[in-house]
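The ATP binding site annotation in TrEMBL covers A:Lys626. Here TrEMBL flags A:39-171 as domain 'Methionyl/Leucyl tRNA synthetase'. Per TrEMBL, domain 'Leucyl-tRNA synthetase editing' is recorded for A:221-407. Marked as domain 'Aminoacyl-tRNA synthetase class Ia' by TrEMBL: A:421-578, A:622-657. If you look up TrEMBL, you'll see A:703-826 marked as domain 'Methionyl/Valyl/Leucyl/Isoleucyl-tRNA synthetase anticodon-binding'. Sequence annotations record features per position, and here TrEMBL assigns motif ''HIGH' region' to A:42-52. Residues or ranges marked as motif ''KMSKS' region' in TrEMBL: A:623-627.
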Amino acid sequence: MNQDYEPRAVERAAQDFWHSARAFEVTEDPSREKYYCLSMFPYPSGKLHMGHVRNYTIGDVMSRYQRMLGKNVLQPMGFDAFGLPAENAAIANNTAPAKWTYANIEYMKQQLDALGFGYDWTREVQTCRPDYYRWEQLLFTRLMKKGLVYRKNAVVNWDPIDQTVLANEQVVEGRGWRSGAVVERREIPQWFLKITAYAQELLDGLDQLPGWPDSVKTMQRNWIGRSEGLEFQFAIEGHDPLIVYTTRPDTIMGVTYAAVAAEHPLALAAAANNPELAAFLKDAGRSGVAEAEMETMEKRGMPLGIDAIHPITGAKVPVWAANFVLMGYGSGAVMAVPGHDERDFAFALKYGLPIQQVVAIEGETYDLTRWQDWYADKLHPQMRIVNSGALDGLNYKQAFDALVQRFEKDGTGKRRVNFRLRDWGVSRQRYWGCPIPVIYCAKCDAQPVPEDQLPVVLPEDVEFTGVKSPIKADPNWRKTTCPNCGGPAERETDTFDTFFESSWYSARFTSPGAQELVDERANYWLPVDQYIGGIEHAILHLLYFRFFHKLMRDEGFVKGDEPATNLLTQGMVVKETYFTEKDGKKTWINPADVLIEHDAKGHPLSAKLATDGSPVQIGGVEKMSKSKNNGIDPQVLIDRYGADTVRLFAMFASPPDASLEWNDSGVEGAARFMRRLWRGVHTHVAQGPATALDIGVLTPAQKTMRAALHDTLAKIGDDYGRRKQYNTAIAAVMELMNTVAKFEDGSPQGRAVLQEIWESIVLVLNPIVPHATHALWQALTGRSDALDARFPVADDTARVKDVIALVVQVNGKLRGHIEVARIATQDEIIAIALADENVRKFIGDAAPKKKIVVPGKLVNIVV
RNA sequence: GCCUGAGUGGCGGAAUCGGUAGACGCAGGGGACUCAAAAUCCCCCGAGGCAACCCCUCGUGAAGGUUCGAGUCCUUUCUCAGGCACCA
């Protein structure tokens, strides 16, 4: 072997070896335990960024580790190739989205290979290819026939200048990002998937996922938001009744007004001869559709001049239009109980509407001018209904049940389970996506495209200017015939939400080339044993992913209820952002192009452009993204240090699930470690072959050295297996190597111990730095099978120590260190502790009240 | 605004089930080797006190609490990050 560590040559040799051995191509083998390790596939944005490197290194480490446990490991990779950035790039660079996307994929594949990730590329999917998306079109048409798909109006962000629909991301401070126009809400017809039909199952299924983080399950539970409440009506003279849903029927006697959305038919009717109201409704429609915006904007309203009839008292309650009530979510109308709902309270104070207290808690004083949290506390043990006639004195549950009974009896209302989860709107008015396989016929209405006519192919060789989708602009593409009556008809020109593609790629990976959605191979590989991806996908993607699995199950394509057994949510790689501002438009500057000045304490003072020294503003620390241009290009580091060093550092920098503020400076330490490792093995190997280990004849120093090795192996086994935390495993190896450096023993058995140590170190590092360890394993053993070697396991008999170090506390404070025999009794341990000089000083004349011995750890004397 | 997390030296982080706070590494300081540099090796490195190894006091965003003992559990609070349904 070479004396110096030369990553470039070492990495090429290892990659060539794997490539010619087709080392990562796998097939179904029922005789072996399978392990399907899946990292979320990337959007082909151009280059890999640090978040990708970290994510994919974690997946590769896990895959290689599982392989070293003897499992049949599948680790596929592909590209989530449809999406908005391709359209933006097309406008900016005047290239077709397809061309841009394919070029990016080629470059990123080469980067992934350079990092040594063990993917089975024979299974690659590119979601923008018809041979991929035809199967999701097929699934959609099946769901359509099954009644799980419907069309309704839904609101979008409308840019009145560019005459286009904007993504939420494209709305910046209420304005279109390119035109600067104030964004409006606009209703257009869109296709929806009935995810709410699966809401209960998606909720219950979370309990079957012990391998998913609690935080993700909690977020999904809250997102699904199951509630039980009462649905009832307010009669309105001369109009349809207002249907409302409430989880607080117990407060019904506190209703002092009702509120409807600006788009509600009642509001529109009232505005017909009320120009002031019409103006308000128009203005209320001026806002984006994002929930965060709805929740934080100023709550405004205006009375319709129409009264609703309170269903119990018969009293008239005014109906208001309010900008925070959205049409299309529920019935577009809400009852308002300002006495016990914080938002209603604030609204009532603002507009001078009456506030009626109907809940009291003993010892608390109700104050009409100031909101207090107890007003809304329905589960307080002292909570009682007041000012509500027959309901007075009841608690929340009693009043709830009494009200439900009252409404169900006369049929004017009913108990209802409601979900916060809304049906999934899958229509996008964009070009670069999978065409929705629907045909519109004037006679027969919307028809699914027949299966033998799939796929509906998206043309790729197009001019894309950004104003209008090429398939919307092209009248010929649209033209078709109705599959039902054969008459002239038109195709849907909207495309799917790109979450569609990423909802089922995991299944497709199991069945490359299948002439159906998946084939029987899916039953061998599914479910995914380990799914790895960013925490930012905790709700949307992971919910759709679970939903799709159930849809595919119910269509008979896959078995089992959940798509992935274990989930690791990788923390975000974040980085400071930098920008310059001109005419209110921000230009984001890459951190690599910015020089930062720090004060004496290391806090950043100012930033300037590296090229010309012009000042740059410092923005927040955010996840690395294309839009904020704060991604660090890992290629620079790979070129300088090699893939193994980058992989090692990515794993060493922080635990996988923690977010990481990226900083290059530690990479030097990882490079140093690689050189030490290489030199250590080289020095050992250069002395010739070691003799066989004979544990019966070891000296105490050799035994201690071996104990250190096997303690380390025990720790590392736990880190890899149970904890899935690699930074501490690497630290343990570093610590062991520091100990080895001090172990100078050229005797035959000393060298035998060293042989065992170096083999172990090389194998435990193999999943993390596979190229270097491939070469080192060859040097140590003459074999090329590091990939399939068994992961080292600790020998517990080597770890037994005769003397154990304990600490002694007095009243919980550390006062001394003692050593006791392994076999010492509690009384003997306490006696030794009490004999310690410093301990005696702190006990003084006092008699110990309590003596606590924690085996293997400490003694605490309480006086 | 709501939901979910996270706050520990100059920096990344460790402390796994309530039991030695700061492992391991980076940066920094000192030294060895060298004509010199790089590389490498050794030592120091939370704050304060002490002549001093020892040892003592303080210290895990902040304020309280539970406990023999709290970075870890509870309450309140601040800050930051992720998500909020058309970024992926």
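Keep in mind that glycine also has a Cβ here, set from the backbone N, Cα and C atoms.
When each of the listed stretches A:39-171, A:221-407, A:622-657, A:703-826 is scored by C-beta pairs under 8 angstroms to the domain 'Aminoacyl-tRNA synthetase class Ia' (A:421-578), A:39-171 comes out highest.
The stretches the domain 'Methionyl/Valyl/Leucyl/Isoleucyl-tRNA synthetase anticodon-binding' (A:703-826) and the domain 'Leucyl-tRNA synthetase editing' (A:221-407) do not meet in space: the count of Cβ pairs below 8 angstroms, excluding pairs fewer than 6 apart in sequence, stays at fewer than three. In sequence order, A:Ser45, A:Gly46, A:Pro85 are the residues of the chain that are 6 or more apart from the residue listed as 'ATP binding site' and have a CB within less than 8 Å of its CB. When DSSP labels each residue, the motif ''KMSKS' region' (A:623-627) comes out as 0 helix, 1 strand, 4 coil, counted as helix, strand and coil in that order. Through the fold, the domain 'Aminoacyl-tRNA synthetase class Ia' (A:622-657) approaches residues 7-8, 10-11, 45-54, 57-58, 60-61, 85, 111, 114-116, 169, 213, 534-536, 568-578, 588-592, 664, 666-667, 669-671, 673-674, 724-728, 730-731, 768-772 of its own chain, all at least 6 residues removed from its boundaries and within a Cβ separation under 8 Å.
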